[in-house]
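*Asks:* This is the feature table in TrEMBL:
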type    : residues               : note
DOMAIN  : 32-149                 : domain 'MTTase N-terminal'
BINDING : CYS41, CYS77, CYS112   : [4Fe-4S] cluster 1 binding site
DOMAIN  : 173-405                : domain 'Radical SAM core'
BINDING : CYS187, CYS191, CYS194 : [4Fe-4S] cluster 2 binding site
DOMAIN  : 408-470                : domain 'TRAM'
Amino acid sequence: MTISPRDKNAPRDIDAPAIIAAKPDVTKPNTKKVFIKTYGCQMNVYDSERMADVLAPIGYAPTEEPDHADLVILNTCHIREKAAEKVYSELGRIRQYKEKNKPDMKVAVAGCVAQAEGAEIMSRAPVVDMVLGPQTYHKLPEMIAKVHRGTGDLLETEFDTLEKFDQLPELRQPKGFSSFLTIQEGCDKFCTFCVVPYTRGAEVSRPVAQVVAEARQLAKHGVREITLIGQNVNAYNGVGEDGNQWTLGQLIRHVALIGGIDRIRFTTSHPRDMDDDLIETLGSEPKLMPYLHLPIQAGSNKILSAMNRDHTYDHYKNLIAKIRAARPDIALSGDFIVGFPGETETDFQQTMKCVEEIGYGSSFSFKYSVRPGTPGAGLPRQVPEDIKQDRLVRLQALLYKQQHDFNLSLVGKTLDVLVEGRGRKNGQLFGRSPYLQGTHFDGPESLIGQIVKVKMTDAGRNSLIGDWVE
Ligand code: SAH
Ligand code: SF4
Ligand code: F3S
């Protein structure tokens, strides 16, 4: 791993420089292989890495080849119907392969579908040996032992977020130079369309000391960019080193003191929890990147209220004005749902107006998907599929144009790019700008892992192209 030199005397650093000679080898000789397939959000990406950390000491090495795996874990997402259904089709393929080629392969379903439909998975897909909800990953070794013994409960869906984090092993083997770090998990907001409060449980924040210890560990392994994640990351209220509850702003400023961490991001924020301290931190902390994902979901106050979002469009608009005043170059990102029950064309036009007035650098937009067990599922005036589709097409045309225009506005500018690896073409490198766009440019491989200056020469809707300057 190449780590660029840094100034050891930098006064802001509270740690030793993030340069280590070799990774400590605490794993047993890895005799078995685990293949983990990840669906859904960043938290699942983080959780998959943590499951790999739990499995390493009991002899499982990660593999990218499902065919050779002794253990296959599907880390699933329940957010929309399609996401959940994918799991069952994947399990069908696994069953066929296992029966024909590898009868001793073990299969686990983890993540939010596991939490929501655990017992159903066990009966609907007998190929599955064990089911683990998101708060139980520290129990994986025990579960695997039970599977091999053929006794014991193979369905774990208890909620104990803090116990999980206490018991996960400290060592992390991050893959690259940018890593997720969960600081808060669960959600108390209960938006009427959303399964997350049921699959991840109540909002729980990890203590500051635990977050800092993990961030240092990542830095030691060469990670230079950390994205602090949580379902409602800006509701963070973990216990600080002074015994008080800390805000996200305080935590960010503290993590920024860690030597080796050069970039910090956070996601996902809720408009209700966007406090002044965090907005000021966006304006004043140079390591915090100028990018904010702040979903509004819909522009109509009537729909926002039916969604139980607990904020109006005006509240959101005022927030954005404050944020832009604090950090004028901020790139905004949002989530949108079209076709929530009762959404009329007039309501939808309010979402279009919101997008026009706010202006987004990137976005995620979805057709409302009925989730059994959520209040939205029982609401009258469900919107027909063809109308949802039509609204999504119109909304995405506007959002994608804004995204492309934003990227084009960066052409001619020189931006800092964290080089993550090789690009698609020979001699090309790939990295990320401060605004999170993927950036392609030519340069030597020795730049991988460094933050370099790239002058942007062209822009597509999803990425930037540039020349390496220095
Ligand atoms: N606050 C969360 C949101 C998770 S869900 C976070 O930390 O990311 C991500 C997005 O999926 C939501 O913002 C919403 O736009 C979308 N979504 C959630 N439930 C949905 C549903 N039932 N149908 C369509 N989209 C949905
Ligand atoms: Fe879901 Fe709403 Fe919680 Fe986000 S804030 S996870 S959309 S319930
Ligand atoms: Fe999906 Fe669960 Fe994340 S439902 S979006 S994997 S919190």
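Start at 1 and count along the chain as shown; that gives each residue its number.
Glycine residues also receive a Cβ, built from the backbone N, Cα and C atoms like all the rest.
Are these features on the surface or tucked inside, and what are their neighbours?
*Replies:* Counting only residues at least six positions away in the same chain, the Cβ atoms of GLY40, ASN44, THR76, CYS77, HIS78, ILE79, PRO134, VAL195, VAL196, THR199, ARG200 sit under 8 Å from the Cβ of CYS112 ([4Fe-4S] cluster 1 binding site).
In the three-state DSSP scheme, CYS187 ([4Fe-4S] cluster 2 binding site) falls into the coil class.
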*Asks:* Mind giving me a neighbour count for CYS194 ([4Fe-4S] cluster 2 binding site)? Other Cβ atoms within 10 Å of its Cβ, every protein chain shown.
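*Replies:* Counting Cβ neighbours of CYS194 ([4Fe-4S] cluster 2 binding site) within 10 Å gives 22.
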*Asks:* For CYS194 ([4Fe-4S] cluster 2 binding site) and CYS41 ([4Fe-4S] cluster 1 binding site), what Cα-Cα distance in Å is obtained after rounding to a whole number?
*Replies:* 14
*Asks:* Inside 8 A of the center formed by the CB atoms of CYS187, CYS191, CYS194, which other residues of the chain have their CB, for the recorded [4Fe-4S] cluster 2 site?
*Replies:* LYS189, PHE190, PHE193, VAL195, VAL196, PRO197, GLN231
*Asks:* On the DSSP side of things, how many residues of the domain 'TRAM' (408-470) fall into helix, strand and coil, could you say?
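*Replies:* The domain 'TRAM' (408-470) comes out at 4 helix, 34 strand, 25 coil.
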*Asks:* Ligand 3 is in the model; which of the binding-site residues CYS187, CYS191, CYS194 have a C-beta less than 6 angstroms from one of its atoms?
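*Replies:* Result: none.
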*Asks:* If the criterion is a C-beta within less than 6 angstroms of any ligand 2 atom, which of the binding-site residues CYS41, CYS77, CYS112 pass it? List them in sequence order.
*Replies:* none
